[in-house]
Ligand SMILES: NC(=O)C1=CN([C@@H]2O[C@H](COP(=O)(O)OP(=O)(O)OC[C@H]3O[C@@H](n4cnc5c(N)ncnc54)[C@H](O)[C@@H]3O)[C@@H](O)[C@H]2O)[C@@H](O)CC1
Ligand SMILES: Nc1ncnc2c1ncn2[C@@H]1O[C@H](COP(=O)(O)OP(=O)(O)O)[C@@H](O)[C@H]1O
Ligand SMILES: [K+]
C-alpha cells in the first residue's frame, strides 16, 4: 500500500470530491461522522471540550461537536481566534452550530479565555491538521500547552496539532494525544519513534476516499501490509522435495553466545529452508545439535569463535552472518574472505555490521542486493548519526542506492530501504519483541527466504512482515513481557497461515 504525503492526501480528497462526486462539506461530514462514532463507542466522559482552529481541521471539530451533541453528549466548543476568516467548510459548520444555541461556543482571543479543564472531561483537538505549515507559536502554542497541562485525555483529529505529517517536528509545541483519529491511511509521522510521545494510539477511520486515486500517484514509500506480503508469498508445491527449498548457511555464535546461532537456525528452518547448516565454534556444536537437531553443523577449527571458511560457499543457496560472532581479528578476516568470494544472496547482521563499521573499506566489497539488518545503533555506527528519524530514513535510502543494497532499519516500524530508491515501512510487530534474540530470528528468517529462491527484495519485505506477525501472535497468546524470541519462532508457522 502506497504511503501518501500530506499534499497527496489533499489531492485524494479533491479527487474524491470531483469523481464520486460529492461536496467537500459532505466529505467533511463523513470524516466527522466516523470520528464521532468512534468517540461515542470508545469513551465515557462527563463532557467534551472541543478545541478548533479555523481551517478544515477546525471544521471537522465543529461537525464532531454537533454530532456528539446529537448523541446526547455535553459539549463546549473553543475556537482559536485569528485574523483568518476561516475555510469555507469551517464557516459552513460554524453557521450550522451557531444556530444550535444549546452548544456553547467560546472564542479564544487571549490566554485569559482558556477554560479550566476538569479531570473528567475529554479534550478533542481539532486546532490544526495537515495544513500546518510552520511550528505553532503565540496563542496557538499556549493553547496546546494548556491542553497538555490538563490531566484529561486528548483525542486528536487527523493528526495532533503542531505535528508535521511528512518531516520532523522536533522542538515543536504539539498536542500530546491519548488517541489520534486519522483518515483513510497512515501518515509517515505515525511511523517514526520520535513522534511516539504525541500520537498515542492511532486509529484509521475509513472515509471511503475514491479507490482509483492511489493508482494515479507515485510515492517513494509504501507500507508492508498483509496483502503485499501475501502477494510475495509462494505456497509450497505438493510434489516438492527438500532440494527445492535451498540450503542456508548461517555463520553465528561464539563462546557464551551459542544461543544466537540456535535462534537463528531454528527461525531459518521454521521459515521453510530445505536444509540449514550452522557454522559455529566447536563449543557451540553440542548446544546446536541438541537444541536444533534438524540443523547440520559445521564446526570451526577454533573452540570459542568462528575464524575461517574451510568450505565451498557455492555449496549453499544463501548465507546469513553475524549474530553473536564477536568482532575479533579472526572474525574480521573471515568476513573479508566471505565478502570477497561470495556469489550467493547474503544477509549481514549484528557483529558482521559492527565489523563493517570498524572497517568501512569492506563496504565496497558488498555485492549488489546484499541485505543489511541494522538496529538504529548499528546503523549509526555504519553510516553516522542522523539529526532525526526522518533524516535517518533519508540516509538509509541514500546509502541503499549508493551501495546498491537493501537496508532493513529495524525498529517498531522497521523500514526497508531498497537500492531503487523506494522504501517500505512494516506495520507488524510489538514491544514484546524488544528483547535479545528477536534480531537473530529475523536474520534466520530472511536468510531462509533467500535460500528458497525469493528475490532479495521479496525476502526482506516478507521476512520483516512475518517476523513482526509471528511476534504479534506470540504476544497475543502469552503477553508482551514474557515473550521470548523462541516463542516468536514457534509462531512463524501461524504467521504463514495468515497470508
Ligand atoms: N475535504 C477535505 O479536504 C477534507 C479535509 N479534512 C480535514 O482538513 C484538514 C486540513 O485542513 P486545512 O488544509 O484547512 O488545514 P488546517 O485545518 O490544518 O489549518 C490550516 C490553516 O492554519 C494556518 N496555519 C498553518 N500553520 C499555522 C501555524 N503554525 N500557526 C497558525 N496558523 C497556521 C494555515 O494558513 C491554514 O489557514 C485535515 O487535517 C483534516 O482534518 C477532513 O475534513 C476530510 C476532508
Ligand atoms: N517495540 C517494538 N515493536 C516492534 N518490533 C520491535 C520492537 N522492538 C524490537 N522489535 C523488533 O525486534 C528485532 C530486534 O532486533 P535487534 O535490535 O537486532 O535485537 P537482538 O538483540 O535480538 O538481535 C527487530 O526486528 C525489531 O524490529
Ligand atoms: K488536530
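We number each residue from 1, going along the chain as drawn.
Note: Cβ is positioned from N, Cα and C throughout, glycine not excepted.
Binding of K(+) is annotated in TrEMBL for 57, 125; the matching candidate from 161, 168, 169 at the same site is 161. AMP binds 410, 411, 412, 413, 414 as TrEMBL records it, and from the list 436, 437, 439 the residue named for this site is 439. Close to ligand 2, meaning a Cβ under 6 Å from one of its atoms, are these of the binding-site residues 56, 59, 158, 375, 410, 413: 375, 410. A Cβ within 8 Å of the Cβ centre of 410, 411, 412, 413, 414, 439, the residues given for AMP, is found for these other residues of the same chain: 375, 409, 415, 426, 429. For the binding-site residues listed here (130, 133, 161), the lowest count of other CB atoms within 10 A around the CB belongs to 133. Cα to Cα, residue 161 (K(+) binding site) and residue 56 ((6S)-NADPHX binding site) are separated by 13 Å. A mean pLDDT of 97 is what the model gives for the domain 'YjeF C-terminal' (225-499).
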